[in-house]
Amino acid sequence: MSMRTEYCGLVTEHLLGQTVSLCGWVQRRRDHGGVIFIDLRDREGLVQVVCDPDRAEMFATAEGVRNEFCVQIKGLVRNRPEGTVNAGLKSGKIEVLCHELNVLNASVTPPFQLDDDNLSETTRLTHRVLDLRRPQMQHNLRLRYRVAIEARKYLDEQGFIDIETPMLTKSTPEGARDYLVPSRVNAGQFFALPQSPQLFKQLLMVANFDRYYQITKCFRDEDLRADRQPEFTQIDCETSFLGEQEIRDLFEDMIRHIFKTTIDVELDAKFPVMPYSEAMARFGSDKPDLRVQLEFTELTDAMKDVDFKVFSTPANAKDGRVAALRVPKGGELSRGDIDGYTEFVRIYGAKGLAWIKVNEKAKGRDGLQSPIVKNLHDASIAAILERTGAEDGDIIFFAADRAKVVNDSLGALRLKIGHSEFGKANGLVQAGWKPLWVVDFPMFEYDDEDARYVAAHHPFTSPKDEHLEYLETDPGRCLAKAYDMVLNGWEIGGGSVRIHREEVQSKVFRALKIGAEEAQAKFGFLLDALQYGAPPHGGIAFGLDRIVTMMAGADSIRDVIAFPKTQRAQDLLTQAPSPVDERQLRELHIRLRQPEQPKA
């Protein structure tokens with residue numbers, strides 16, 4: 001008989017009366033009046049093994065096994081006695097009467113029980129191998145596998161070719177910091193780990209591969225959050241001879257296919273499309289969570305002439321904004337709730353949080369409760385009530401500051417209230433999945449510190465055709481042929497139509513204050529390739545980690561990656577990064593400089 005004939009979790013009634021050989025780990029061992037029960041676990045689940053004292057040698061071995069011992073058992077599949085069926089297990093109607101028990105490897109006492117749901121992340125990541133044995137982690141990583149498989153199936157059917165691109169490439173520090181790799185044979189020179197395969201996939205389009213994809217690692221040396229890792233996985237795609245709408249349709253269908261085949265979710269038949277400017281105006285975010293049924297009301301123009309300087313000063317500032325957020329039934333929020341929200345928005349740079357409770361709208365000023373009403377004229381109050389559509393029992397929150405502060409603070413407040421218990425109880429958030437496309441992004445952002453424009457996405461994104469003339473006259477007016485797929489407030493994919501003409505790419509570099517010499521040094525290989533009849537092309541990259549995190553309902557992408565880093569970019573399992581031998585440094589022609597100590 002083979003070492004293993006079945007998986008533990010797949011032993012069911014169809015094997016009744018058969019002898020099976022199983023391998024796995026001891027989940028639990030119970031001694032019930034001379035009969036030992038072992039819950040044996042493998043990747044497919046659990047099966048109950050019964051060890052009778054009739055077989056003395058086997059029983060003696062069973063008495064010595066403990067949790068997480070790796071064992072092999074051979075035995076007879078039989079029905080469980082009446083009244084002992086476990087409906088929660090796939091194998092819950094049967095048990096295996098053990099004939100032979102072999103300990104393949106003993107285990108020291110684990111530092112935690114696998115069913116402990118209150119483990120710290122530090123403990124989990126330090127003992128990641130044991131953490132990965134837990135059913136939830138097994139589920140998450142198998143879900144990740146299925147998502148990757150379904151992406152490949154779809155792309156294969158659509159004529160895409162899986163092509164690997166280099167992991168050691170050229171540093172082009174235009175976005176996040178690169179991870180640098182020193183070259184031993186080229187002293188003083190460095191490779192960079194790719195932040196994305198962007199330029200290589202464009203070169204593949206010039207090389208006539210027409211449709212490319214790969215599921216690949218990317219690397220960015222940036223501060224980490226719950227949805228970021230220094231190394232992450234993209235479903236990276238590029239295609240030739242398709243327009244922006246066709247590209248979006250193609251990959252919208254892919255995401256719809258993946259959700260249906262992996263978690264049986266039917267996404268919208270057609271994803272809504274929203275310009276960037278509308279998303280910022282209504283939600284203060286370029287990745288709005290459409291489940292939350294709250295929107296901003298624009299008040300900037302209405303507050304320019306009020307005497308209340310808190311509103312009028314930002315309303316008249318070039319980069320200022322005044323916006324309101326009406327919360328239906330928010331009048332029942334306590335002063336403690338409001339104070340808590342006030343402290344919350346300070347995290348995002350807001351100086352405070354103005355508010356008005358609408359008790360009796362028909363009474364005008366007298367029907368309102370607020371510390372700011374005394375600073376506003378009746379006409380201004382009427383304008384606020386009319387624009388927000390406020391009703392009795394509502395509360396209106398206000399933000400007035402630089403537009404970025406208003407968008408960040410009021411946008412965060414919108415999500416916090418919407419997803420709160422109050423929001424759920426009052427229908428301010430919907431269940432389910434709310435996808436959309438956000439399009440027409442600004443091509444450039446102005447960097448005040450460097451006094452120049454920088455690429456909002458990357459410098460290879462094509463401007464909209466009607467905005468080409470602005471590249472040399474007014475870059476700030478340029479909109480890009482860029483698009484992000486957003487799902488429940490997460491950007492799960494982003495892409496664009498690329499620049500395929502060398503003269504346009506050179507104009508973009510000039511708009512970014514990248515001179516001809518610098519452009520040739522950094523991107524000469526691309527500029528040269530674009531001169532050889534480069535086709536119109538575009539693409540998109542999806543964050544595999546993010547997609548699986550959402551599907552699994554996980555709190556962090558670290559819960560869907562086998563061996564992730566912490567928020568300090570450390571691997572607690574292997575203790576990476578770590579010092580290296582002086583000899584290795586000499587071979588790489590590197591000398592370490594100690595970081596400067598802060599002055600006392």
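Cβ atoms are placed via backbone N, Cα and C, with glycine included.
Residues annotated as site 'Important for tRNA non-discrimination' in Swiss-Prot: His32 (among others). His32 (site 'Important for tRNA non-discrimination') falls within a strand when secondary structure is assigned with DSSP.
Its Cβ taken as reference, Gly83 (site 'Important for tRNA non-discrimination') is surrounded by 5 other Cβ atoms within 10 Å in the chains shown. The feature site 'Important for tRNA non-discrimination' is assigned by Swiss-Prot to Gly83 (among others).
Annotation note: His457 (L-aspartate binding site) sits in a coil segment as assigned by DSSP. In sequence order, Phe441, Ala480, Ala482, Gly494, Ser496 make up the list of same-chain residues 6 or more apart from His457 (L-aspartate binding site) whose Cβ falls under 8 Å from its Cβ. Residues or ranges marked as L-aspartate binding site in Swiss-Prot (evidence: sequence analysis): Glu174, Arg220, His457, Arg498.
Residues of the same chain lying 6 or more positions beyond the ends of the region 'Aspartate' (198-201) and with a Cβ under 8 Å from any Cβ of it are 165-166, 169, 172, 212, 236-238, 458, 460, 523, 525-526, 539. Look at Swiss-Prot and you will find 198-201 tagged as region 'Aspartate'.
Within the same chain, the residues at least 6 positions away from Leu544 (ATP binding site) whose Cβ sits under 8 Å from its Cβ are Arg144, Val147, Ala148, Ala151, Ile215, Phe232, Thr233, Gln234, Ile235, listed in sequence order. Marked as ATP binding site by Swiss-Prot on the basis of sequence analysis: Arg220, Asp221, Glu222, Gln229, Glu491, Gly543, Leu544, Asp545, Arg546.
Secondary structure of the region 'Aspartate' (198-201) per DSSP (helix as H, G, I; strand as E, B; remaining residues coil): 4 helix, 0 strand, 0 coil. It is His32, among the recorded positions His32, Arg220, Arg498, Arg546, whose Cβ has the fewest other Cβ atoms within 10 Å in the structure shown.
Each of the binding-site residues Glu222, Glu491 was scored by other CB atoms within 10 A of its CB, and the lowest score goes to Glu222.
Largest Cα-to-Cα span within the ATP-binding set Arg220, Asp221, Glu222, Gln229, Glu491, Gly543, Leu544, Asp545, Arg546: 20 Å.
Comparing the Cα of Arg546 (ATP binding site) with the Cα of every entry in His32, Gly83, Arg220, Arg498, these being the recorded positions, the smallest distance points to Arg220. The shortest Cα-Cα distance from Glu491 (ATP binding site) to any of the recorded positions (His32, Gly83, Arg220, Arg498) is found for Arg220. According to DSSP, Leu544 (ATP binding site) is assigned to a helical segment.
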